[in-house]
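**Q** Right, I'll just put the structure down here and ask away after.
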Amino acid sequence: MASHGEKDGSAKPRLSPNQADASVESFEKDLAAAIVSDHALEFDRATERRVLRKIDVYLIPWMWLGYGFVYYDKAILGSAVLFGMTNDLSLSVVDTHTNPPTTVTTRLSWATSIFYFGMLAGLYPMTFMLQRFQVGKVLGVLVIVWAIIAMLTATVTSWRGLFAQRFFLGFFESVIPTAFMCIVSGYYTQQEQALRQSWWFSSTGGWTVIGGALNYGFAQITGGTLARWQYIYLLAGSLTVLFGCVCFAVPNSEVSAWFLTPTERVVAVERLRKGQTGVRCQKLKGSQVREAVFDVKIWLVALMMAAAYTVNGAVSGFGPLIVSTFGWSTLDSVLLQFPLGGVCFIFILLTGYLSSKIPNIRLILLIICCLPVIAGCAMIWRSSWTHRAATPVAGYTIIGFFGPVVSLIISIGMANVAGGTKKSCTAAAIFVAYCVGNIIGPQLIKTPTIKRHYPELWLGLIICYCIVIILAMTLYFVLDMENKRRESLRVDEEDRDRLAFMDLTDKENPYFRYVL
């Protein structure tokens, strides 16, 4: 049976003369106001399914590839150090003051971390630029600049040059994750968002496998005038240029989506009315910025992200290097990234699917997925690192459960806010925390402690994931209490329909409900 604003027949929405014209998009209000009124329009299930299918087909593969390039671009460093970059750029030095002399990889740790300092610098200006201007044009230009910087890595001749390159790479890449989070939040209902966020974020796992396969192929190069790691960066940059060209075709919102008919655009907007999350507003509102700063749930989500993503900071920059210490060859170490990527990919999709089918299960799934990460860290730390030992490799593989943990944090964070500016603030806050976690992770790896199995790293990660569990339980309590308070309020259907596209925040709109 159809819900409010829907019916199972074949009737189409009744459009006013200007409702089918996306050119009347308002800068001050939610863009949805350009094509729908204050009153809900009826639409049939068949049309809604067709619209949803079109949005999925045109947006999800593009986002999956885009975030795949982001992840591959970051993770290349982990394989490049095995292909000569460490020596070529003096990323490791031998400390002769110890007995016996030890190899110190502090420069490599900072080469990994400084990327995220660049992201930190770019997140808020890039996110607000994306909100204020046309999505396609902003993404197209910034992605092509990012691609050029990636290719220029092949010209770097010192660790200082690599530091500069990594900073600007992070600065321009920062627009992608927040853009995708806001796009999903604006095109999909609260119930649909978990699965769609998981689809694009699953490229974290998918590109661990694809990138590993590409890097394995480059490892076979024995000739040529360039080092093997230089070829990897040239390929990554070239692929990203193509992606950047496609970005210019991305519509500003469903209100002006070229792949939808005028009638379908109205349905795409109307189906979001009940959730009260809005579509998109291009006006930056100071009141929403202030509300985001003092919203406890945004802080809880951000802290969860910072704690959860310390794993990636270590794995993306040092993963193959860590595995090689278990007695595996360079090529084997690259191949052994495949199981971790597979775990990431499969369980990101599985938790996204379950979240879309079972109401209010996201935080429960998040807590469950933390447990294998804790177990994996303990297995690596406390097991015997004999030649080609199986236990640390198995532990390294199940650390891949950090993928669904992070995917669920993104889904929970973005589904529980409304208001254009507040959405942008939340997306940026989540990825500021993401950067903090990635900066901390590599610094936990102390090369002189290798004989003790990097105790600071594994103990630090275990503590971080215990913190994630505590924060998730706290957030569940906060959201559940607020939902119960709102359920006691009187519901006025006409008032709810009127407020849906007024660009109100979740706190300003009494009809907004939080997902757990």
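Any Cβ shown, glycine's included, is placed from N, Cα and C.
According to TrEMBL:
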type: DOMAIN; residues: 59-484; note: domain 'Major facilitator superfamily (MFS) profile'
type: TRANSMEM; residues: 108-126; note: transmembrane segment
type: TRANSMEM; residues: 138-161; note: transmembrane segment
type: TRANSMEM; residues: 167-187; note: transmembrane segment
type: TRANSMEM; residues: 199-219; note: transmembrane segment
type: TRANSMEM; residues: 231-250; note: transmembrane segment
type: TRANSMEM; residues: 298-322; note: transmembrane segment
type: TRANSMEM; residues: 334-354; note: transmembrane segment
type: TRANSMEM; residues: 361-381; note: transmembrane segment
type: TRANSMEM; residues: 393-415; note: transmembrane segment
type: TRANSMEM; residues: 427-445; note: transmembrane segment
type: TRANSMEM; residues: 457-479; note: transmembrane segment
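Each of these features: where is it, how hidden is it, and who are its neighbours?
**A** Averaged over the domain 'Major facilitator superfamily (MFS) profile' (59-484), the predicted model has a pLDDT of 86.
Listed as Cβ neighbours of the transmembrane segment (167-187) (distance under 8 Å, sequence separation of 6 or more from its ends, same chain) are residues 55, 59, 63, 66-67, 70, 73-74, 114-123, 126-127, 129-131, 135, 138-139, 142-143, 145-146, 149-150, 153, 193, 196-197, 200, 253-254, 268, 277-280, 410, 413-415, 417, 423-424, 427-428, 430-431, 434-435.
Note on the transmembrane segment (361-381): residues 194, 304, 308, 311, 347, 351, 354-355, 391-392, 394-399, 401-402, 404-405, 408-409, 411-412, 453-455, 458-459, 461-462, 465-466, 468-469, 472-473, 475-476, 515-516 of its chain, located 6 or more positions outside it, place their CB under 8 angstroms from a CB of the stretch.
Cβ atoms under 8 Å from those of the transmembrane segment (457-479) belong to residues 296-297, 300-301, 303-304, 307-308, 310-311, 314, 363-364, 366-367, 370, 373-374, 377-378, 380-381, 405, 412, 416, 437, 440, 444-446, 514-516 of the same chain, restricted to positions at least 6 beyond its ends.
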